[in-house]
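Student: Starting off with a structure, shown below.
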Amino acid sequence: MELNAGGVIAYISSSSSASSPASCHSEGSENSFQSSSSSVPSSPNSSNCDANGNPKNADISSIDGVLKSDRTDCPVKTGKTSAPGMTKSHSGMTKFSGMVLLCKVCGDVASGFHYGVHACEGCKGFFRRSIQQNIQYKKCLKNENCSIMRMNRNRCQQCRFKKCLSVGMSRDAVRFGRIPKREKQRMLIEMQSAMKTMMNTQFSGHLQNDTLAEQHDQSALPAQEQLRPKSQLEQENIKNTPSDFAKEEVIGMVTRAHKDTFLYNQEHRENSSESMPPQRGERIPRNMEQYNLNQDHRGSGIHNHFPCSERQQHLSGQYKGRNIMHYPNGHAVCIANGHCMNFSSAYTQRVCDRIPVGGCSQTENRNSYLCNTGGRMHLVCPMSKSPYVDPQKSGHEIWEEFSMSFTPAVKEVVEFAKRIPGFRDLSQHDQVNLLKAGTFEVLMVRFASLFDAKERTVTFLSGKKYSVDDLHSMGAGDLLSSMFEFSEKLNALQLSDEEMSLFTAVVLVSADRSGIENVNSVEALQETLIRALRTLIMKNHPNEASIFTKLLLKLPDLRSLNNMHSEELLAFKVHP
């Protein structure tokens, strides 16, 4: 009697009277079963079966005893099953909803789902050895038409291997089913190499486009220029290709923008010894003097980094609920809905007209989070002057003091963004959305140097250092710890000013920000900045190609920090 390999045996007893078991057949792991009138026992030679292979007793207990005694001569390993509802008995049988699954190759009881099909331990090991050892079996003497069953599966190995492939066993599943650690590392290296090749292919495509444009321009050159030796022209073009010109120009412009707009970095280096940090708990006068826009202030030192620390002009009327902070250079910062944007005065008015007025109270201008522990209010953000705030101050005064110290840093981010090549070509709507969503991440990158991993200290903008333990005792929570961890990893890369400026631009210009209208334009600018960053990294670190990959992996970390920051602000309520 020939067994139908790959079937599933189901035992059904509707009454106490004797009845023959019905067999169901399944193709693969699909759960569609087809009834058949012929019974398919798991072991025809069992002592509990008659000459036709049918069980002597039809009750479920005796049949279960047949199955349990069937494979006692061949111990198998039990493992996890892949499908829900699938169980495995102590003898190695795989059951699905009470039905026993058979090996797709030989019809024996399947021990699990191996290499893409349900198979027994014998066929699983046979197929694995065949693939791993690349065994070439002897040719079949019966024209490769042998019937593979449990009793004769070892007679013709070529037909057995052919049957394994025909029922769906996968060669790749043998090679990559359970990947060792070294193999995974090797595959990751290959994937990174493939990514580099793909990027180089994209770069070559851009170079071809540049070459076509160059040929078009050369067609309009004078005849004498066209008659110059081709080799001489090629040598000149190799030295400075149009693509290289573009990348170098982007690198130079972004670097200059970063240096010119990151005033804290310059003043901290040049005037740290001249500037005196404010005392802890320093109060700001309640009666704010209105700032005279016509007055010229050209001070130096870290105090000048906060030009509106004692000067602020509040507008009323149509801008009620929005704080407009003016600066001597004719620019202003609009703080609305917790976001800070810096543009010219006319530009600020246009932007503010688009921002809803509702829900813009002082308590919603949350550019850092406050902690209320034991009745004492503390400000624990490095972008402020000090983590300490006088507990006698009202919530309004606390936010006012913080916004005064924090807003100029945001102003610098906006100035930096405006000087990124191509940023101002984006729509006004997309510029605002990129600044809203990315300002915190840019500041996180810029002020990463404030975190000292060795001393476990954080330097605030006032110049004072505080230990992490002290900040935690003041109420700093998981956000500050995550900021410290990120800064430690970023500082370990030891990026130059050029590399830091390009990375900051890449952080800001992200096409997956919410609310972007022209995604293609933002993506094009983002790709330009990423290519420039990669060129700079490869130039400065030819033997450390992983730095570029590590930098790109910092982008999701920054996004997580941004989300944590937003959650902290939304969860906190200022108590006046």
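Just so you know, glycine gets a Cβ as well, placed from its N, Cα and C.
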Student: Choose the correct range: of 103-123, 439-459, which one does Swiss-Prot annotate as zinc finger? Give that range.
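Tutor: Checked against Swiss-Prot: zinc finger maps to 103-123.
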Student: Where HIS565 (heme binding site) and LYS163 (N6-acetyllysine) are concerned, what is their Cα separation in Å, rounded?
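Tutor: Cα-Cα distance, HIS565 (heme binding site) to LYS163 (N6-acetyllysine): 59 Å.
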Student: In the structure shown, which of the recorded positions LYS162, LYS163, HIS565 has the fewest other Cβ atoms within 10 Å?
Tutor: LYS162
Student: Can you see whether DSSP assigns LYS162 (N6-acetyllysine) to helix, strand or coil?
Tutor: helix
